[in-house]
Amino acid sequence: MAPRCWRWWPWSSWTRTRLPPSRSIQNFGQHFSTQEQTPQICVVGSGPAGFYTAQHLLKHHSRAHVDIYEKQLVPFGLVRFGVAPDHPEVKNVINTFTQTARSDRCAFYGNVEVGRDVTVQELQDAYHAVVLSYGAEDHQALDIPGEELPGVFSARAFVGWYNGLPENRELAPDLSCDTAVILGQGNVALDVARILLTPPDHLEKTDITEAALGALRQSRVKTVWIVGRRGPLQVAFTIKELREMIQLPGTRPMLDPADFLGLQDRIKEAARPRKRLMELLLRTATEKPGVEEAARRASASRAWGLRFFRSPQQVLPSPDGRRAAGIRLAVTRLEGIGEATRAVPTGDVEDLPCGLVLSSIGYKSRPIDPSVPFDPKLGVVPNMEGRVVDVPGLYCSGWVKRGPTGVITTTMTDSFLTGQILLQDLKAGHLPSGPRPGSAFIKALLDSRGVWPVSFSDWEKLDAEEVSRGQASGKPREKLLDPQEMLRLLGH
């Protein structure tokens, strides 16, 4: 069978090979292992949650062996495909992950889609414990008329496009319009707005893809509206991202002072990070800028603004019905107090002309395998402190454990906790004590199914190729976008 990357035939067409439990698995383990028995642990997903979980396990158990399985050919998940190209400092965590992957007690297997190429049950048969750390691969749908029109994209797909996620490499967003609307007011929304409005020359030394950079050079987008259902007090972005927007070269902010009336008194008792954020918003919206800042704003050719108390109702089509030409927003007001605050429509609506609509209302996880419980409402694997409910030996960490919230350090803390819980269970004898074959059996299964796992040393070859291609244009790297090209470069 020829090597492959993108799977197109149904799982049901394969002859399933299952590792027999009990005596057969014991014999298999004895056959493949003449070394001292060690805890064999499998981690599914190589983003921050996966690597931080692996790091904790390796650090706190001197004999544990951890195998990391990843659907993509390359590691690092959202650090590679989600972090904005103009935030290289955030990507420095890759250095730590690389040291983990180079451990002689850790192995990386890319190009392996768990739930498709191998089942979770097969992993559980082969390992003492399995940790699901596969993140949130999908986006929350708007569920409004017109969402399917050309010119409407999820922010997740747009981010994947400019960051080189293979599945989004052919997105080709039309940037010939004057106005873009981003629905949602979190950090991802501000990342997308910033990339749309940043002078392309400021991005040419980043790891943004050449295709995206070329499209941004031709972009006619001059105005970006960032729309939220609730008010300033409920924004989800943080002060660093807001400050970057305010200081963005060649742009000016558009904030309505009326949106901030009475806010000064309401933030007095707020926690310090939220208070600082609100104070920056207030100053930007209500204070007269200094001479230098006023001159900068007056000369700006692009603008961005925050629209509060607006909820999307419909994407409006162009006269010929072939693409998005605007969005209808319901005016809202707030009901409730504190965390229970919710936006309710007032009955008024307004239409906002635009040619590009980007939905940034959240990511969500997908169920990975029929054998794994999944809560579709919360978008998580049901768990207690990382232990998957009713499935002994199965754990989870990161977004699939708690939902798609927080920053990388939040995921680090969460993943360390899952690792700690797993090691406690191991010490208490709650996990299988007999030998397990680990990757030896899984690699045999994958080989029988025509799947070529990509090792970490393979990734380092691809990494060197990307860095080499980037040097020609002064970039840190030029990302490889085509999985088939990657496999060819590796000789598969």
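Yeah, the Cβs are placed from backbone N, Cα and C, and that goes for glycine too.
Listed in Swiss-Prot:
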type    : residues                                                       : note
BINDING : Ala49, Glu70, Leu78, Val114, Trp399, Gly406, Val407, Ile408    : FAD binding site
BINDING : Gln185, Gly186, Asn187, Val188, Arg229, Arg230, Glu241, Gly406 : NADP(+) binding site
MOD_RES : Ser311                                                         : phosphoserine
MOD_RES : Ser318                                                         : phosphoserine
TRANSIT : 1-32                                                           : transit peptide
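Cβ neighbour count for Ser318 (phosphoserine): 14 (other Cβ atoms within 10 Å of its Cβ, all protein chains included).
Highest Cβ count within 10 Å among the recorded positions Gln185, Asn187, Ser311: Gln185.
Proximity to Arg229 (NADP(+) binding site), defined by a C-alpha to C-alpha distance within 10 angstroms, is shown by the following recorded positions from Ala49, Glu70, Leu78, Ser311: Ser311. Of all the binding-site residues listed (Ala49, Leu78, Val407, Ile408), Val407 has the fewest other CB atoms within 10 A of its CB. Every protein chain shown contributes to the tally, and the Cβ of Gly406 (FAD binding site) ends up with 14 other Cβ atoms within 10 Å. The Cβ of Glu70 (FAD binding site) lies under 8 Å from the Cβ of Gly45, Ser46, Gly50, Gly77, Phe108, Tyr109, Gly110, Asn111, Val112, each on the same chain and at least six residues away in sequence.
Neighbour counts were taken at the CB atom with a 10 A radius for the binding-site residues Arg229, Arg230; the maximum falls on Arg229. DSSP assigns Ser311 (phosphoserine) to a strand segment in the three-state reduction.
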